[in-house]
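**Student:** After the structure tokens below, expect a handful of questions from me.
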């Protein structure tokens, strides 16, 4: 069996190498990658990947060549189905866990702190993310498989476990059960570690000696694999970091595949790597101008960006408008706000009808809907004063990270908090923290990335030591504004409540730093899979770490929710993020800096960037969230897949190059962006910059387009002001595509 496995992998690898050499440089990379996103037909029980696959992953981490995978036919389907059980009804203390002596009227009390994990049943052949690919999948050429075939299709019939720590627990459970069977100890009273599903009973007296020895040998191999995993775990790292490192390694391979297939694929790969992986870059800081030098002489004694505004003088409880702001279209606005509890609220329409006050209107509506004003004794005039002051500190001239985005994230978080699976799970204070964090999470955003601020030696980067620069600034401004006149909406909270809320808000907003994405995803997936393996299907959420982890991922999902919204909204968000990226690219060009990935308006592929963004970032995140709240997020996943297919269909087809061009493309592959991901935080690779500059200098990309803003003002923004004759001729031979605005990740 071992020889057969090696032969298959060897043949697959050869086929992969031959196909890679034959592909055209400008061929669409994502069509080739589609077979890797396997379709799950059903999910009925938890299942470990075969031991041979797990050993391949382990071997990939080792430098010793003698570590040969040991295949096994050990039956692994011994883990429990996710059962529905009662949630714990005790209260929860943010600092100290459950508290039996808390009054039912205490806003910190939760009616139920347990989250029930539901079994994943059949759902319409949806593709799975790259997280469910085994290491052996990477040896298969994307060109050698049809769209509907997958080597992993048999494996994925059940709920496959992919996080290493959960795999170790499941494997040890297998070892325990087989040990009990081999030693005739099955008659003992069942314990919490006994199998909770229908496992075929094995009796030593009824099986042959050969089968007995085979089962014993394979059980020993499982135990060896567990020991190998645990030996690599360092004491200073958490078990969820095992998953984080694994996911980063898998994403690294995916991006390397993508970068080798086309110039635009290389650009998308570089963007995803630079934005969503926690990597440090050595940069050449340009010499500051005289004006900048004079500006930096001022002491950093105050939080920058805070403006003195007066909204409270004209507000009294008796004259507060119905939705917090004055508007001549109150009835129409009321009609739109009827969808405030639904996914896909038309937030751009809300902005138009409210005089560009969507954040104030939506926050006020949600606070009324959830009765938070009464629960926390918040004066309505104080709430409106704070919200208008906060909204004024979002920059109207920033295309994406503005008050409309903040309102969208607030409303999305509100809907996610209301999902049936999370009913009665979180306390009122936790709900308040999540909504408040969503409202302030991008306040005073300058429209450039953290890396831009670091590269330009900005005052903010100096103040926050290059660590989550913008996220720290958003928090500082959001809390500082509470000190303005009649703005303290938390004035009637107890000291303990206020401290707890502040801690939660800080943890949630810092988690919106996109460079922390893979760590967040790995933590959530490890927690979900571990609970599936070790319990009857209930996440107790009886400690602060678990609860804040769910809230962090919830707001992170809301922040990356644009591709899951109706296509009309998604396209508008795409236009906006690309406009913001291009403005940053223009500033970098003016300064003589290297232009950041996806920020060069002369060389950007909007459609391919969205497909890659969904495949490698959004889909894995929402797939994991949907696992947590199953089946509540299935419609969201369906919309995400539909939107992905739409952008896929709009990718223009490039004509096949001549043989000479093809040969030239092969030679150029050695200059492609190379992803050398170092998993240890202290020694990240920074080789991307040198090789990535090759791509940015080439402005003849045929994927540049005109961005059609579908806002209320319907403006048209030319992305290519000067296009080379070859690119023009190439575009004329293809159908013209209008790329609308939409969602792209927070930078």
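Residue 1 is the first one shown; counting continues down the chain.
Positions of Cβ are set from backbone N, Cα and C atoms, glycine also.
Marked as AMP binding site by Swiss-Prot: 401, 442, 559, 562, 610, 613. The 3',5'-cyclic AMP binding site feature in Swiss-Prot is assigned to 401, 610, 613; the stated evidence is similarity to another entry. Taken from Swiss-Prot, the feature Zn(2+) 1 binding site applies to 405, 441, 442, 559, supported by similarity to another entry. Swiss-Prot lists 442 with the feature Mg(2+) binding site, giving similarity to another entry as the kind of evidence. Residues annotated as Zn(2+) 2 binding site in Swiss-Prot: 442. What Swiss-Prot lists as Mn(2+) binding site is 442, and the listing cites similarity to another entry. Among the features that Swiss-Prot reports, compositional bias 'Basic and acidic residues' is placed at 14-24. Under the heading compositional bias 'Polar residues', Swiss-Prot lists 701-712. Among the features that Swiss-Prot reports, compositional bias 'Acidic residues' is placed at 718-734. The SUMO cross-link feature in Swiss-Prot is assigned to 326. Residues or ranges marked as domain 'PDEase' in Swiss-Prot: 325-654. Swiss-Prot lists 238, 240, 287, 314 with the feature phosphoserine. Residues or ranges marked as region 'Disordered' in Swiss-Prot: 1-28, 282-302, 649-747.
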**Student:** Using DSSP, would you call residue 610 (AMP binding site) helix, strand or coil?
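**Tutor:** Assignment for residue 610 (AMP binding site) reads helix.
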**Student:** If I take the alpha carbons of residue 562 (AMP binding site) and residue 405 (Zn(2+) 1 binding site), what is the distance between them in whole Å?
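**Tutor:** Roughly 10 Å, rounded to the nearest whole number.
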**Student:** Mean pLDDT, the domain 'PDEase' (325-654)?
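**Tutor:** For the domain 'PDEase' (325-654), the model's average pLDDT rounds to 95.
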**Student:** For each of the recorded positions (326, 401, 405, 441), count the other CB atoms lying within 10 A of its CB, then report the residue with the highest count.
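**Tutor:** Per the Cβ count within 10 Å, the most buried is 441.
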**Student:** Counting other Cβ atoms within 10 Å, pick out the least crowded of the binding-site residues 442, 559.
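**Tutor:** Comparing Cβ neighbour counts within 10 Å for the binding-site residues 442, 559 gives 559.
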**Student:** Closest to residue 610 (AMP binding site): which of the recorded positions 326, 405, 441, going by Cα position?
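**Tutor:** With Cα distances computed to residue 610 (AMP binding site), the winner among 326, 405, 441 is 405.
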**Student:** Consider each pair of residues in 401, 610, 613, all listed by the record as binding 3',5'-cyclic AMP, and report the largest Cα separation in Å as a whole number.
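**Tutor:** Max Cα-Cα spread across the 3',5'-cyclic AMP binders: 18 Å.
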**Student:** Tell me the Cα distance separating residue 405 (Zn(2+) 1 binding site) from residue 613 (AMP binding site), rounded to the nearest angstrom.
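**Tutor:** With distance taken Cα to Cα, residue 405 (Zn(2+) 1 binding site) is 18 Å from residue 613 (AMP binding site).
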**Student:** Looking only at DSSP and grouping its letters into three states, which state does residue 401 (AMP binding site) belong to?
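**Tutor:** The residue in question, residue 401 (AMP binding site), is coil (DSSP, three-state).
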**Student:** Between residue 441 (Zn(2+) 1 binding site) and residue 401 (AMP binding site), how many Å separate their Cα atoms?
**Tutor:** 10
